[in-house]
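The block underneath contains the structure these notes are about, expressed in structure tokens.
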Amino acid sequence: AFKGILSNADIKAAEAACFKEGSFDEDGFYAKVGLDAFSADELKKLFKIADEDKEGFIEEDELKLFLIAFAADLRALTDAETKAFLKAGDSDGDGKIGVDEFGALVDKWGAKG
């Protein structure tokens, strides 16, 4: 789903960074796949893809499928990975990640990479 927005090299980096179950590491993930260099408009496009139900938020069930948006042959996040991802991104505690929270998360994680 992110094809056309991300380069093939970025998609390959996502695959390499998270291939094994339990290997999704939120610290620096976005930098590894090049998202930290994206503009605000590009990040909004990515957010809209991840927000499958188009409600304006990425909920836990959508977050679980986040890696699959990079490439269909990638895996779903484990429950533990999904909960850690949600906890890191849900700054207002409403159980979902809004577009502004998503941008802040990319900034935070990209800066660590």
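Yeah, the Cβs are placed from backbone N, Cα and C, and that goes for glycine too.
These come from Swiss-Prot:
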{"type": "BINDING", "residues": "D51, D53, E55, F57, E59, E62", "note": "Ca(2+) 1 binding site"}
{"type": "BINDING", "residues": "D90, D92, D94, K96, E101", "note": "Ca(2+) 2 binding site"}
{"type": "DOMAIN", "residues": "38-73", "note": "domain 'EF-hand 1'"}
{"type": "DOMAIN", "residues": "77-112", "note": "domain 'EF-hand 2'"}
{"type": "CARBOHYD", "residues": "C18", "note": "S-linked glycosylation site"}
{"type": "MOD_RES", "residues": "A1", "note": "N-acetylalanine"}
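Around E59 (Ca(2+) 1 binding site), the C-beta neighbours below 8 angstroms that are at least 6 residues distant in the chain are D53, G95, K96.
Residues belonging to the domain 'EF-hand 1' (38-73) score a mean pLDDT of 87 in the model. Listed in sequence order, F24, D25, F29, L67, L74, R75 are the same-chain residues six or more apart from C18 (S-linked glycosylation site) with CB atoms under 8 A from its CB.
Broken down with DSSP, the domain 'EF-hand 2' (77-112) shows 25 helix, 3 strand, 8 coil. Under the three-state DSSP scheme, E55 (Ca(2+) 1 binding site) falls in the coil class.
Most buried of the binding-site residues D51, E55, D92, judged by other Cβ atoms within 10 Å, is D51. Other C-beta atoms found within 10 angstroms of the C-beta of E62 (Ca(2+) 1 binding site) number 19, with every protein chain shown included. Long-range Cβ contacts of E101 (Ca(2+) 2 binding site) within its own chain (separation 6+, distance under 8 Å): G89, D90, S91, D92.
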